[in-house]
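Below: one structure, written as structure tokens.
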Amino acid sequence: MDVFRRLVPSAIRRRYAVKFGIVLLILGLGVGLVGFGATAGITNQVEDRVQDDHTSFASQEAQNLQMWNEQNEHTIGVIAWSDVVASDEPDAIEERFLDWEEHLDADTHAISYVDTDDETVLASTNLDTGGEEPTTVDEIDGVPAEAYEEAAESEGVPWVSDAYTVDRELGDEQVTVMTYVLSVPNADDRAIVYTAELEAHANRLADDDGITTMVVDGDNNVMADNEGYGEDHETLGLAYGDQNADTIVEPARTEGAGTNQVPGSALSFDTAAYDFSDDEDYVVSSARVLGTDWVVVTHEPESQAYGFVNTVNDWGIYATLAGVLMIGLIGAVLGRNTAVSIDRLTGKASKMEEGDLDVDLETKRVDNIGRLYNGFDSMRDALREQIEEAEAAREDAERERKRVEEINGHLEEKADEYSDVMEAAADGNLTARMDAESDNEAMAEIADEFNQMLEEIEQTVAELNRFATDVATASEQVTASSEEVRSASQQVTESIQEISDGAERQNESLQSVNQEMSGLSTTTEEIAASSNEVADIAERTVDTGQEGQQAAQEAIAAMNEIETEAGGAVDEIRRLEEEVQQIDELIATISEIARQTNMLALNANIEASRSAGGQDDEGFSVVAKEVKALSEDVAEAADEAEDRLEAIRERTEQSADEVAGTSENIEDAGEQVEEAVKALEEIADLAQETNIGVQEISAATEEQAASTQEVVAMVDDAATVSEETTSEAENVAAAAEEQTTALTEVTKSASNLSGQAAELSEALDRFDTDADRAALELDFDEDDDPDLPGLETGDEASEEQTPEANDQRQGQGITLESSQPETSEPAETRDSETPQSTGFQAEETGTTSQSGFSEGRSTDPAPETDAEPAAAPEPDAEPAPAPDTEQDAHVPNIGESSGDATELGAEEILGIDDERDADVVAGEPAAEPETESADDADPLAGDAGEPNGDATDPLGEGATEPVEENAAEPLKPVEDTETDDEPETDAEPVPADTENADTQDDADDTVENDDDVFTFGNTDDE
């Protein structure tokens, strides 16, 4: 949705009326598109239905013409196959033709019977064939001479002529006819000529208003129409046109019936019979007449054919336009009302933005816009209240600012005094002390803690002096011991190198054994695999032998059945021979009867010849001849049957012999199959024994392969152990060499450490202290007095001796920033900007020339892991053991910071800056303290006992456990958003990102409800 908003121009998104208008436009376009689409769809459906109706109409006319043509072909066929035509008697045929002409339908025009050889008309219903001169076929109109030849060659299919005109028998009118010629069956020189009136069928074509129907022949000429052929049959034979024939007629012959839209200019004919207008299109349908090359073509004006379609289209467009117009009107009324109301409300909101809160926001509307007016009214009331609260808060802030200025003056005075003391301490005078008397309890506490810190530093310097002496002595001892260890390490290195060489040779031998065993294992596995394959082959041999045995048993059973069937066949053949013998006897009887009949006929013929002379005797002679001929035929048939029976008898005997021989062969084959069965049984038994033996060999081979694998695995393990031994020996040798090198470095480091300890002692002698060093050396014992800050075991001592703390003590303290800037500020100091010109500033003021801590020490910072200080205790954690004095836990950390010099102005220390004033003006009230201070007279009194930061921060941020139960609580910052974001420096030298975040969060939690608390200490400016 956001992507769509970005795509819309801002000019549209800012104006509701434009967006509403675009929505109405889209809605109108959608309705219009749907309406026009639906109208177009309905129009197309109705057009398709109209075209289907026209196609069906043309197909129906073509079917009617097909039935008329088939009826004529059927009529001429009936005439040709009639008995009277078969008699070939012209008079009878003509009489029957006249009768048929009278009783047939009105389409019959003439029937003629012609002799195609003589080319004469033998009988006709309309020609005179009784004259002295024969009537020739030339007198039959429309039938050429080759028509008779084609009819004779067509074998039952009549020849059909083109449409032509003839005169009617009565009157001078002409009529359009077609002639059919069919050859008479079984008489190639005779033909029937049947002439039918095509015009009679043309008059039955549909004659709807505006529809023109034509029938074109194979040459695309008009042969019939529903316009009556025009005047004097002028449309008969009229060409339909090559262009129309290609687009209308030919597709009907090849693709079937169809409908097209043709312009009127393409339907131009040289006749007035067809009233086709050039200014109008026509719906033209065409359909082929089955069995012919004729095509029926119908024409109807498009306006008439698609009249209903146009009506539906017009009404659909009107309805769509009406819907779009209605949507536009309704949308304009609603959109204008809403847009005007929103614009009016926008103007009133602009006046409120300019400061006029007295605008009229009353409305009578109760809809969403009315509720929006009510919401603006409520917002105006809320703004008034907030403005009043902001003004009150501004007055409170002004009073608070004056009070803070008084506090800043006092703090600047004390800060100047403390700065002088800190500069003296930074220069090496550890006997300097701060004056703890102050109106601000926090400043007094700072002075006390600073004085305690200097006392502990004096003790620490004395302890460091003694520690440097001890380090020098221990370093000399370490140097001597490391020399001895280095010599021993060199000897160990040489021995381990020899062990490594032997282990490497052993590893090479084991690798060779491993390769040989692997080859043996591979060979064994191949033998096992081959044994398994042989076992599988033997098992398959057993199965095959059993299957062969079973198949042989089945073959024996089948041969027995064949033998039984062969015996039955022999019996049947024997019975057939007996039947043939009986038939032979019967034929012999028939032959005898025929012979006797022949003799009887001969006798009858002789008797007839004796009494010759009468007509009856002639008939008797004829009968005798017939009987004789019949007897001769019977005798011949009997002889032929006897010959065939003899052949059947011989074939039957031969078949019987063959069947008997086959039966004997089957018996022999059965015996051989039984022998094969026995052999297969023996093969199966031997294969079973072979399979068992091979299985045992395979099992033994697999066991041997498994044993070989185990040996290979053990050798591999031994080789692995040998490799590991070699590797470890090399590692040990390398480690010994490294140890030797390290011991050399240790020796050098110990020597350097001894020198540095001497330098440290010289540097510590530069500090002025009042501590009794001899007493410290006698009394100092880490094991007996754990409360003292030890140098190696105590958490507090660890914190004091970290390299970061020492580096920070080189030049860091608390100095007073006067109105004149410092001129000798170190280059590594990083100042932070303060909102006002005066204030306290914690910075690095010392360099290597100002502090003796850096003398004789390496300039590289020590890693954190070398002297990891104890973590500062969390507010809820147990505190570390406290030193002897109340403030020992806090004093050693006075100089710690993040490593960069920081400056804090008075306003920043108190948590007050320019942004606070802006917040107060905006209406945010200052935070009220949760509890009343115990000391109401002192405005600086606060919750000094609550922890305000890290546990070891001595400057106004108390430790986890309060030093004194009745100590006053320090004041908190007054809604300072900037200083809250600045992380305070931890007392520990650990990185700020590990412990500082946690302690700072805890400090923020403890002081979030207090005000008037200032923080004095080292703070990193972000």
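Backbone N, Cα and C atoms are what each Cβ position is placed from, and that goes for glycine too.
Curation plays no part in TrEMBL annotations; they are all automatic predictions.
Note that the structure is a prediction, hence the values are computed from the model and not measured.
According to TrEMBL, the feature transmembrane segment maps to 20-42. Per TrEMBL, the feature domain 'HAMP' maps to 336-388, 419-462. Annotated coiled coil per TrEMBL: 373-467, 559-596, 624-690, in sequence order. Here TrEMBL flags 475-498, 508-518, 803-823, 834-853 as compositional bias 'Polar residues'. Annotated region 'Disordered' per TrEMBL: 475-518, 774-1022, in sequence order. Summarising the annotation, TrEMBL assigns domain 'Methyl-accepting transducer' to 481-719. According to TrEMBL, the compositional bias 'Acidic residues' annotation covers 778-802, 927-938, 976-987, 995-1022. The compositional bias 'Low complexity' feature in TrEMBL is assigned to 859-874.
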- Task: Kindly say whether the coiled coil (559-596) and the coiled coil (624-690) touch, using the definition of 3 or more Cβ pairs under 8 Å where each pair is 6 or more positions apart.
- Result: yes
- Item | Within the domain 'HAMP' (419-462), residues counted as helix, strand or coil by DSSP | 30 helix, 1 strand, 13 coil
- Item | Within the predicted model, mean pLDDT of the coiled coil (624-690) | 78
- Task: Run through the domain 'HAMP' (336-388) and tell me, per DSSP, how many residues are helix, strand and coil.
- Result: 40 helix, 0 strand, 13 coil
